[in-house]
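In Swiss-Prot this protein carries:
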{"type": "ACT_SITE", "residues": "Asp13", "note": "active site, proton acceptor"}
{"type": "ACT_SITE", "residues": "His41", "note": "active site, proton donor"}
{"type": "BINDING", "residues": "12-18, 40-42, Arg306, 332-334, 414-416", "note": "GTP binding site"}
{"type": "BINDING", "residues": "Asp13, Gly40", "note": "Mg(2+) binding site"}
{"type": "BINDING", "residues": "Asp13, Glu14, Gly15, Lys16, Asn38, Ala39, Gly40, His41, Thr130, Arg144, Gln225, Thr240, Arg304", "note": "IMP binding site"}
{"type": "BINDING", "residues": "Val300, Thr301, Thr302, Gly303, Arg304, Ala305, Arg306", "note": "substrate binding site"}
Amino acid sequence: MSAFIVLGAQWGDEGKGKMTDYLAENADVVVRFQGGNNAGHTVVVGEKEYKLHLIPSGILYNDKLNVIGNGVVLDPKALFEEINYLESLGVEITPDRLIISDRAHVIMPYHRILDGIKERARGNKDIGTTGKGIGPSYTDKMERSGIRVCDLIHKEVFEENLKETLEVKNKIITEVFGGEALDYNEIYNEYLGYAEKLRPFVKDISVIVNKKIKDGKEVLFEGAQGTLLDIDYGTYPYVTSSSTIAGGVCIGAGVGPTAITNAVGIAKAYTTRVGKGPFPTELLDRTGDWVREKGHEFGVTTGRARRCGWLDLVILKTSARISGLTSFAVTKIDTLAGLDTLKVCTGYRLNGEIIDYVPASLEDLAKCKPIYEEFQGWDDSIANARCYKDLPENAIKYLKKIEDFTETKVSIVSVGPKRDQTMMISEI
């Protein structure tokens, strides 16, 4: 394997950061290909905990090249705050270890302002945005009015683009939403400062990444969010603004589809989601509360409590199909220890029919009634398990059901947040 993808197979928060960190040990390059600082990854190394939002998880190794791809929308302020945070924890970040695509689009102050204003204007029909300016930045990208990193570091180009764009944005902010206009000079001077700090990191990442692949280097593509937050295949409109599935790698990192050899879907042993939208297996009872507390299900970026539910195999089967997954990595199976009975969803009942896929219509998904298969749980903690045979028989049966239903093998099992609480049970 020379180029493989790690992506979320549910609604995000599956443990991609930990899995990327684990798999990055044998990689030469780690590439982030979409999203922005709305993502949150937690990685535990020894006694230290690192919270990452923009920078690839490979940064915690000294010998990896980390890449922020053109599919990412970059908030320079957030980037340098994260760099300062990591350096305060002893992580060295230099242009030899981190490069940023010259084609990545830049999140500007008006993107954050518009994100918040529009969300408030939706009232009780809000979509649960993080308010980081991600959606408005991707909107400008599609409308061909965005500012890219290569534009930002060219002073004259940036000056002209900012003048044109800010004039339009201020009209929208003031005349449509009744907000206060943003000051051109303030933004211009602030972002010129970012431009100079960014300049040493900026490269044509497609050229570099493809050369690494051609030279036989191990390249890991790190996704953010999850399959059901994908702009096309997610539970629209309660989705993110980028392509979170395997196909997003080609666009977001400038590589061809034939370069990808493997795709690993990260899945919790149960299901969670943040914000609004249908959730067929949601547990609105004491069991759901118990899972939330035991699994520490609160967002890294927002701090919001996550909604919790039984494992939904329909979602995993859909993710495997859409992204061509070669295997799953199952996380947080240790959280389920102590439950007498476990349920997994093996189908939906919709309008009198049984289906095994996620329907496009939000209204149809809201009507779907889960069909469950029950499994006996296990009492003992499995946090100290270090190989497959250490797992309880019932946990192995649970994992086998995932494989059989999705027709996709489970290659990795995680039983805790630390690096050594991870077992590779087959090739990915």
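Counting begins at 1 with the first residue displayed.
Including glycine, each Cβ sits where the backbone N, Cα and C put it.
Feature map: Swiss-Prot annotations on the structure.
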residue	record	CB count, 10 Å
Gly15	GTP binding site	23
Lys18	GTP binding site	25
His41	active site, proton donor	25
Thr42	GTP binding site	17
Thr130	IMP binding site	21
Val300	substrate binding site	14
Thr302	substrate binding site	17
Arg304	IMP binding site	13
Ala305	substrate binding site	14
Ile333	GTP binding site	23
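Across the structure, Val415 (GTP binding site) and Asp13 (active site, proton acceptor) are spaced 16 Å apart at their Cα atoms. Distances between the Cα of Val300 (substrate binding site) and those of the binding-site residues Gly15, Lys18, Thr42, Gln225, Ile333 are shortest for Thr42. Contacts of Gln225 (IMP binding site) defined by a Cβ separation under 8 A and a same-chain sequence distance of 6+ are given as Gly8, Trp11, Gly12, Gln34, Gly35, Asn38, Ala39, Thr240, Ser242, Thr244, in order along the sequence. Looking at Gly12, Asn38, Gly40, Gly303, Val415, the binding-site residues in this record, the fewest other C-beta atoms within 10 angstroms of the C-beta turn up around Gly303. Residue pair Gly40 (Mg(2+) binding site) / Asp13 (active site, proton acceptor) shows a Cα separation of 8 Å.
For the IMP site listed in the record, the two most distant Cα atoms among Asp13, Glu14, Gly15, Lys16, Asn38, Ala39, Gly40, His41, Thr130, Arg144, Gln225, Thr240, Arg304 lie 34 Å apart. The Cβ of Arg306 has fewer other Cβ atoms within 10 Å than any other of the recorded positions Asp13, Arg306.
When the recorded positions Asp13, Gly15, Lys18, Thr302, Ala305, Arg306 are screened for a C-alpha within 10 angstroms of the C-alpha of Thr130 (IMP binding site), the residues that qualify, in sequence order, are Thr302.
When the Cα of Gly15 (GTP binding site) is compared against those of the recorded positions His41, Gly303, Ala305, Arg306, the shortest separation belongs to His41.
Here the candidates are the recorded positions Asp13, Lys18, His41, Thr42, and by Cα distance the one nearest Arg304 (IMP binding site) turns out to be Asp13. Of all the recorded positions in the list Asp13, His41, Ala305, the shortest Cα-Cα distance to Ile333 (GTP binding site) is found for Asp13. Only Asp13, of the recorded positions Asp13, Lys18, His41, Thr42, have a C-alpha within 10 angstroms of the C-alpha of Arg306 (substrate binding site).
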